[in-house]
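Student: Here TrEMBL flags GLU288 as active site. The active site, proton donor annotation in TrEMBL covers ASP371. The Zn(2+) binding site annotation in TrEMBL covers HIS287, HIS291, GLU367. Positions annotated as domain 'CAAX prenyl protease 1 N-terminal' by TrEMBL: 1-185. What TrEMBL records for 188-423 is domain 'Peptidase M48'. Residues or ranges marked as region 'Disordered' by TrEMBL: 253-273. Sequence annotations record features per position, and here TrEMBL assigns transmembrane segment to 37-60, 80-104, 131-149, 155-176, 309-331, 337-362.
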Amino acid sequence: QRRVYRTTTHVPQELGQIMDSETFEKSRLYQLDKSTFSFWSGLYSEVEGTMILLCGGIPFLWKLSGQICGHAGFGPEYEIVQSLVFLLLATLFSAVTGLPWSLYNTFVIEEKHGFNQQTLGFFFKDAIKKFVVTQCILLPVTSLLLYIIKIGGDYFFIYAWLFTLVVSLVLVTIYADYIAPLFDKFIPLPEGELKQQIETMAKSIDFPLTKVYVVEGSKRSSHSNAYFYGFFKNKRIVLFDTLLEDYSALNKEPAEGEDGENEETKSKTKNKKQGCKNEEVLAVLGHELGHWKLGHTVKNIIISQMNSFLCFFLFAVLIGQKELFAAFGFYDTQPTLIGLMIIFQFIFSPYNEVLSFCLTVLSRRFEFQADAFAKELGKAKDLYSALIKLNKDNLGFPVSDWIFSMWHYSHPPLLERLQALKDAKQE
């Protein structure tokens, strides 16, 4: 794929009608920089993980956690407390070692190509907030999961799976209402033509829409997105302001008297006329609602939970193997949290790669079906132009190596999606 980025320097003939040479070159250089960053950050991650294993980092951190618990008056019998201290130290280590890479990605690569909208102060405040919120969710959930495994008896894997199912459903339900607003501002889409058209389209396919929000995604990045959430008769749609031509901050000149920068965000105008027109936004939403109407969301949840149950069952089979713990430096103890880490992170690694590929293939199939659903709604022409605009706004590179695309792309390549829409568009 890097060879494709390096050698494809001119717009291919089949792309001549949808992409100008300037945008093509910008997207090529952006993806080449991202590829280089991905290689070095991935290499570092592999080296770091290997050194941790070879140098006994996991048993060392577990022993350190025990010493900290001992100073606080908790002996070895308080395994769950020690597990939480271990988890806190491990995630803190991961956050610290990952920080330079995150900084470079945000303030060098994304900044260089015009996507970053954050100041350094906003970045660090955001990172600290994410860490705290993550710990507030991770530590209680982990402690309850460990407790269930310990008291569950021979069928603990069933109770553990049911617990994780409930937690995942609760998190999906509350995320956009209570967690996401801690990081971004959500405002109801104002009354007007766009809102009326969205409500009319939702009603036409029996989508139980209750609210439509606009999220100020432009505070951190100029990438655009849209999604829906909620269960049963309580669905909400969220549109990033960067998706909407009329709302994108990047399309607006700073008001008179403003210096164009504040403590949290920087206003940039180099990506002028970002976003889609109302008709194109409706086409994008038609695609997203197609995922709901065709049952893709439910199917993904079912697949995820079947996989989760299988993993917990295999964990129950393997957890008694002392050789697994000994291989990772645990000769005298077999802590449950360490068992979870060894089995889910290492033993299942090859299986997870195969599963990931299968889900990628399925995802591409779902994307074509959602495009076809939007086409049936009469949105083929608008979705065609919206896909081109979004590809341009996000500097997506439309040429890909077929093996790389097959393994990595959860969405079909742009040309394939446009070709599928082309006939209906011409009609």
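Glycine is treated like the rest: Cβ placed from N, Cα and C.
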Student: Which one of these recorded positions, GLU288, GLU367, ASP371, has the sparsest Cβ neighbourhood, judged by other Cβ atoms within 10 angstroms?
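Tutor: Checked GLU288, GLU367, ASP371; of these recorded positions, fewest Cβ neighbours within 10 Å: GLU288.
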Student: Considering Cα atoms only, can you say which of HIS287, GLU288, HIS291 is the nearest neighbour of the residue listed as 'active site, proton donor' among these recorded positions?
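Tutor: Given the candidates HIS287, GLU288, HIS291, the nearest one is HIS287.
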Student: Beyond HIS287, HIS291, GLU367, what residues of that chain have CB atoms within 8 A of the centre of the Zn(2+) site's CB atoms?
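Tutor: Counting only non-site residues, the set is GLU288, GLY290, HIS296, PHE366, GLN369, ALA370, ASP371, PHE373, ALA374.
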Student: What number of additional C-beta atoms lies within 10 angstroms of the C-beta atom of HIS287 (Zn(2+) binding site)?
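Tutor: HIS287 (Zn(2+) binding site) is surrounded by 24 other Cβ atoms within 10 Å.
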Student: For the domain 'CAAX prenyl protease 1 N-terminal' (1-185), would you mind checking the mean pLDDT of the predicted model?
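Tutor: On average, pLDDT over the domain 'CAAX prenyl protease 1 N-terminal' (1-185) sits at 92.
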Student: Under 8 Å Cβ to Cβ from HIS291 (Zn(2+) binding site), same chain, six or more residues apart: give me those in sequence order, or none if nothing qualifies.
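Tutor: Sequence-distant Cβ neighbours: THR297, PHE366, ALA370.
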Student: GLU367 (Zn(2+) binding site) to GLU288 (active site): how many Å between their Cα atoms?
Tutor: 9
